Amino acid sequence: MPKLSQIVADMKQAIDAKDEAQIAFIASEYSADARQRIAQGYRDQYGKELPDDIKKALKGGSEESLLMDLFSDRHEVRAQHIRDALSGKNDHMAFFDTVILCTPEDWHETVAAYTRMFKKPLVEDFMKDVGRKENWCLFMEKWMAHERTSREGSPDEEAEKLNKAFSESDHDYISSFMAGVPPEEYKSINTSFKSLTGKGIDQAFATIYTGTDYYSLYCAHFALLGMHKLAAYLVNCACNDKGDEKRMRRITGMMVDKCLAAKYAYKTYGSMKADVERCFDKRMAPILCTLWRLRE
């Protein structure tokens, strides 16, 4: 990493020039933690908040919001997105982008940030808002606990038990399994499940679930295989939904540095670069291509 003072000076120059492409390039070079150090260095050097100066320099829109998010406390950004998705609106897509696309470490910090910002415990506030009548709500509560323990049986035995749960529509078992299985054990269980049933766990969801119940578990499947795989799926959803800039802001702003391999996982759906350029306008697309390092 170059000297912090030089990076801060480069950022100030880009802001003064209203050069959002250069701001995006600088952001793309560093992790979320490093970007926070840059924001602190900017504060120390100029006595101003970096996101505020980005806001003053640029011309609004999701592009401005995304670049501001990249130099803000990501845990506070996630907490705010969750709060915005609640408030009686229950934006299910936002829950996939913020609750499931999140590492356990980041979730712990987000919970603390939410309480600090809104004076309420996050999980309790979430469940109060969405209720407990639907399967996806109960699954989300288990997922947000981030309590995973090694499975007792072999992959083949666990696959047998899971298949039995599907045949009996045992929603509690299925949701507890998905919320509690360690990621490092999930892949082998999924492989055994395929050998046993002829389909993957993700395909089995479609046999008994629809709507948000289905998509919550489907997203969890990808998250357990690797956050970059979930990011690829969510980016594809955002592209297919008429270029959903709000979703791309959430996915990119909070997780791009942890999910850069998404562009490789995306090959299942096609070319991430081609889809981004096709689905987003001439202002947003180059920023997204820079941040995701889509150069092929």
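Every residue, even glycine, has its Cβ placed from backbone N, Cα and C.
Residues or ranges marked as repeat 'Annexin 1' in Swiss-Prot: 2-71. The repeat 'Annexin 2' annotation in Swiss-Prot covers 73-143 and rests on sequence analysis. Look at Swiss-Prot and you will find 153-223 tagged as repeat 'Annexin 3'. Annotation source Swiss-Prot lists repeat 'Annexin 4' at 226-293.
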Counts by DSSP class (helix H/G/I, strand E/B, coil) across the repeat 'Annexin 4' (226-293): 51 helix, 0 strand, 17 coil
Integer mean pLDDT for the repeat 'Annexin 3' (153-223): 98
DSSP-assigned states of the repeat 'Annexin 1' (2-71) in counts, ordered helix, strand, coil: 55 helix, 0 strand, 15 coil
